[in-house]
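Visitor: Quick paste from TrEMBL:
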TRANSMEM  26-56  transmembrane segment
DOMAIN    28-475  domain 'Major facilitator superfamily (MFS) profile'
TRANSMEM  68-87  transmembrane segment
TRANSMEM  153-173  transmembrane segment
TRANSMEM  185-205  transmembrane segment
TRANSMEM  226-247  transmembrane segment
TRANSMEM  259-276  transmembrane segment
TRANSMEM  297-314  transmembrane segment
TRANSMEM  334-357  transmembrane segment
TRANSMEM  364-382  transmembrane segment
TRANSMEM  394-417  transmembrane segment
TRANSMEM  424-447  transmembrane segment
TRANSMEM  515-534  transmembrane segment
């Protein structure tokens, strides 16, 4: 008994010495590494935010092209596709070089888009920018691992705050740049940030022992050991699925063979991926089972993040349309309305991150955040043609939960997994939010479009008919009032009849939006229930720092001290033997 107590005491003393040796100091070198990681990510957020506001202007200048909306989509879709792959490769080979590659890809994409003379070329540049974004999003994992675990929530919250300019004011900044300097500077400005980010990463970000190695094998042999089948199933499957839901109702009809084939084949490949990853042992799997088998620590958090992403996008997608249809047609005012989400959410991310480390109880925090966001989405259903103030408050309420919600989710997942999986775990969290948003966009757009047609018939067409408009003039007048036809369609209508029609349009939008907001509540409720069963991580919030930096501005520096994660020969052989045994 005394021996056991003595062993426990010795272990406690040893842990104390280790923690003292691992004492964290917030030095100038650490600060500059954080600035370096933030600058590249900031460029990615600016690109997405400002390009979206410049779509119509770009199409008018170098178009027209029916594919101009893909200027924004081309930047977003690669993030979901490449995110997990980039996160996993960052765990294995290190994140420094790949983040620098992201900066270079961003430079190339910005140059291509800024100098384009056709819309299709801008879309091509957007693919490079999307790849850059997926690489630069490793900043979430890189920042978390260079600070003590108990400060990860605060650090990620400060990271969000540092991106307040593009995250909260991106639409306004983009509109001002387009108006004052032309749309091409929407890309030249991120080009400058990518350039700065590249040199800062090169000089100041040199993480030590940030890798996974197989004992007795070269890096090229490790490349051959990568989960190439899983990578192919994920990349092709998700690409087909996202293209299918993007083309559906736009370039192709929902019922067309092309749309159905892309969606069905993509889903089947993703299902096959799940079985493959679960039952085929790999030395370096794309989705390590040791991560996803943490049901309460990881899987339920991912499900909650996915569903919260769906809830959030009901507002993110439709709020700009709501403000333009119901409240104002001034583009600057629309931009300020659009800032409500970010202006409320990003500053409160710091508070959420601080409370995450100070009081703990992450499970309760995440549950409350999604519950409050769900209430906010439900309150959005109170929309009316005159509810600009109330709706803005409800949007801000959702925004308060959005930034802080992702900070809590990312910190929870990072603390739940062993350090050698922090990249893939964080990437899965980002992907869950992005894919949830992509799926939600399709669902909400379909609901909104269908209900708008119904209510236009009820409030616009019938309203004009009751106001005495001739049946032969109804179609032209309706399209003109909706902004989908020439104003000559209103010829012959009295001012009173036009007023009836405009009021009908506003009522139609308000009722259609109400249905969408009500439909989003279900996702929020399920998400709230899921995260209520997640696992607290209070016991993981220690002074431990997983990655130390070779600090200072250096052209060369030591990053491999032989202390990274090593997969032993015995473990490799065991996995390969199981794989061969299952194949026979």
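Cβ from N, Cα, C; glycine included.
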Visitor: Quick check for me: are there 3+ Cβ pairs below 8 Å between the transmembrane segment (515-534) and the transmembrane segment (364-382), leaving out pairs under 6 residues apart?
Guide: yes
Visitor: When only pairs 6 or more apart in sequence are counted, do the transmembrane segment (334-357) and the transmembrane segment (259-276) reach 3 or more Cβ pairs under 8 Å?
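Guide: These two stretches do not touch.
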Visitor: Spell out yes or no: are there three or more C-beta pairs under 8 angstroms between the transmembrane segment (185-205) and the transmembrane segment (68-87), with each pair 6 or more apart in sequence?
Guide: no
